[in-house]
Amino acid sequence: MEERGTGAAPGLEAELVSIPATPRGVSTPETVTPTGQRSPRPPGPGGGAPAAGANSAKSWTPTPAMVSPRFLSPSISSAVGTPMKRVLVNLRGYLEEVGHLTKLNPQDAWLPITESRNGNAHYAAFHNLNAGIGFQALLLPVAFAFLGWSPSLSSLPPYLLNTVLSLLGLITACFAQHHSIHRERLGVWLALFPTVYLSAGTATALILIGGETMKLFFQIICGALCSSNPLSTVEWYLVFTILCIVLSQLPNLNSIAGLSLIGAVTAITYATMAWVLSVSQERPPSISYQPLASPSFGATAFSILNALGIIAFAFRGHNLALEIQATMPSTFKHPAHVPMWRGAKVAYLLIALCLFPVAIGGFWAYGNLMPAGGILNALYAFHSHDIPRGLLATTFLLVVFNCLSSFQIYSMPVFDSFEAGYTSRTNRPCSVWVRSGFRVFYGFISFFIGVALPFLSSLAGLLGGLTLPVTFAYPCFMWIGIKKPQRFSFSWYLNWSLGIVGMGFSLALSAGGVWSMVNSGLKLKFFKPN
């Protein structure tokens, strides 16, 4: 070379030495590259290709230090040449625009959660609202009856804060590694298994709640006219299950965004109607706000743990956060966690505005007379003759709609697991018939479990304890595994402490739920729904 890169960075001088020089006065042929750019080539004899025997070892190869044009000083830019700089600029733009951060297995394009990746902040808000508000919110006044005013009011904000913080940790730390984690053997047991059992258990409870609510709706509408030959409880479960199976034929998580919107609107509406109708009626004369009495100190402690488990069950919606985020495109310039967090903030603001009034208003209206079934059961038991029948029926119908839509989003991780097993063995996507068969099978399995365990919807405290690790402990352990903070640093101690405390609370709240079942004399009538 005639010039040795004068003014260039010393670390890049060696790269510039290998660039062949162009003799003065000789025209340089150009070669069109596959990207459409024109780059100069040293002429061979006759102005064509390089002559045979030319030193091909002196071909120039860019190093990682020169991938980005921002590392090119003016002197280096002039030495490299305008065509090469255009290639580098175009390459950088391509990586920024379409370079996906999420590492996906090619088979993920066949699965119901990740086959459609056009989600956005609106979809995130719909899904989070649909998963975060549900029948479990109606049980919050039951927890207040065990705790009383002061402990109950002081426990709600920490639960909400912990839920939001753990959600933020999930979506910011795990968005790039989510699917690679879930495809590893250890991740299957540590992350996928609890999500699946929580989703399947919630879906079964939704069948029980939905079928019983449909029965109440039918009784309110028909009254004495339809009492001659009504459907049994099991038949109502079956009707609700068939409706769930029909709606479950929508192919993927993004395709049920409309259902999630319906579920969110109906949940907000019936939750508001439940506490407004309750506080607008006259309170029962024997109402009391003292915690329910227990015969011993141990019984009191277990009652408190059971109540805390019920509250934990009400705040357990973000176990689907990673599945929701997996439906969004992710690039260097537009990572998926940004719209996810934007939608989640709106969703959890609305969730708080629904859950707090239901808990406070329900306990104010019924005190420790609150039945185990929650605020809707109390509304029906105390004010079924005071509230217009149409208004009461509308409230129950909204609960049915919400249960139908919630069943879809909570079942999607199970559908994804079924199809992942099929595609990994056959190396081809599920056909329409195979996909429909999986969902019909899952729907009737959930129905069978609901009939066999009709008391499942009464185990809110136990379910809250079992789901607590997914909500509060696993995000901390996943953050440590992915971010790998320095050992014995503040963040290392904080996340290990929160994770261990979450697991400890899970065991304690589960024990409280089991004790509540025994103490209340819950009759485990298998295959005998009421």
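Backbone N, Cα and C atoms are what each Cβ position is placed from, and that goes for glycine too.
The compositional bias 'Polar residues' annotation in TrEMBL covers 28-38. For 118-517, the entry in TrEMBL reads domain 'Amino acid transporter transmembrane'. What TrEMBL lists as region 'Disordered' is 1-60. Annotation comment: TrEMBL describes 125-147, 159-176, 188-210, 216-247, 259-277, 297-315, 346-367, 387-411, 432-453, 459-480, 492-518 as transmembrane segment.
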Paired segments the transmembrane segment (125-147) and the transmembrane segment (387-411) in contact, 3+ CB pairs under 8 A: yes
Leading contact stretch, 346-367, 387-411, 492-518 vs the transmembrane segment (216-247) - CB distance under 8 Å: 387-411
Same-chain residues near the transmembrane segment (432-453), Cβ under 8 Å, at least 6 residues beyond its ends: 112, 200, 203-205, 207-208, 211, 234, 237-238, 241-242, 244-245, 248-249, 251, 411, 414-415, 418-419, 422, 526-527, 529
Stretch contact, the transmembrane segment (387-411) with the transmembrane segment (297-315), Cβ-Cβ under 8 Å, 3+ pairs: no
Residues from the same chain, set at least six apart from the ends of the transmembrane segment (346-367), whose C-beta lies under 8 A from its own: 124-125, 128-129, 132-133, 137-138, 140-141, 143-145, 149, 152-153, 156, 160, 163-164, 167, 264, 267-268, 271-272, 274-276, 278-279, 281, 283-284, 287-289, 314-315, 317, 374-375, 378, 382
